[in-house]
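Annotation source Swiss-Prot lists region 'Disordered' at 1-22. The feature compositional bias 'Polar residues' is assigned by Swiss-Prot to 1-12. For C60, C65, C71, S299, the entry in Swiss-Prot reads [4Fe-4S] cluster 1 binding site. What Swiss-Prot records for 72-288 is domain 'Radical SAM core'.
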Amino acid sequence: MVTVLNTVNQSGRLRHPEKAHRPDNEVLKKPDWIRVKAPVSRGYGETREIVRSNKLVTVCEEAGCPNIRECWEKKHATFMIMGEICTRACAFCNISTGIPNALDPNEPENIAKAVKQMGLTHVVITSVDRDDLADGGAHHFAEVIKAVREAAPATTIEILTPDFLRKEGALEIVVKARPDVFNHNLETVPSKYLKVRPGARYFHSIRLLQRVKELDPTIFTKSGIMVGLGEERNEILQLMDDLRSADVDFMTIGQYLQPTRKHHPVIRFVKPDEFKSFETIGKTKGFLLVASSPLTRSSHHAGEDFAKLKAAREALYASRAS
């Protein structure tokens with residue numbers, strides 16, 4: 001793996017040569033339905049202070065999420081564990097790439113403390129890829145889940161994990177910790193993996209999600225994709241079928257937004273009515289829940305969606321019993 005880093009860029013972020021040496025791509029002007037208001041509120045400031053005081057990293061900031069103001073105003077945040085430097089260089093992602101630092105042994109306790117301070121009823125925990133670790137960070141995920149359970153027993157826990165590619169036994173460690181929701185994003189259709197997500201393997205990710213259900217059928221499974229990367233509609237429908245074949249409960253679909261000129265270009269902005277059609281089709285395919293809109297992101301409205309997931313499962317069980 002190449003370890004020379006490029007830090008000469010507008011944001012000062014670490015840039016893997018694979019990204020730094022890419023030709024510039026035009027950043028298209030966003031249509032009106034993509035733009036979001038950015039109010040600064042007391043809730044936003046309080047959330048930021050809790051994150052800073054506990055020395056935590058959030059994917060909200062690192063990935064430049066368009067929903068950060070809305071979520072932080074409500075004291076919702078997605079914590080990103082195992083540092084802020086990723087070992088992969090996906091073409092869509094704005095997170096820094098390079099050689100990560102050692103794991104912080106105090107991080108599980110700090111995450112749990114922040115969850116309690118914020119009074120979260122549902123927390124989302126994600127991470128960078130840590131291909132440098134023997135278990136891909138599985139034990140660390142389990143320790144964070146354990147710490148949150150001890151500090152806030154009533155809080156439900158959703159994790160958004162990397163693929164643990166070539167990390168034998170890692171998935172079993174995470175599932176054994178019993179998160180309430182296991183999310184692993186496919187990100188895009190298989191034909192786009194070579195350019196968009198070159199370090200990952202589409203069918204490995206499908207199998208990962210399927211294996212979660214085999215290990216513990218009570219855990220909700222979830223996966224998301226971005227659209228606007230040049231995929232065809234029929235490819236999205238086939239991807240839905242692949243997820244359902246893995247018994248995935250919940251799917252999210254959102255518009256890809258290009259972070260910088262060095263990232264994969266937006267091929268097109270998908271219109272809101274197309275997103276609505278994907279939601280309708282997804283429900284007919286058997287998902288318990290489908291969230292599909294231009295600004296949908298994996299963790300957006302995660303707490304509300306968890307309540308909907310539970311209700312949908314209960315309704316399904318009731319219909320089967322009658």
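Each Cβ is built from the backbone N, Cα and C atoms, and glycine gets one as well.
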PLDDT averaged over every residue in the domain 'Radical SAM core' (72-288): 95
C-beta crowding around S299 ([4Fe-4S] cluster 1 binding site), within 10 angstroms: 27
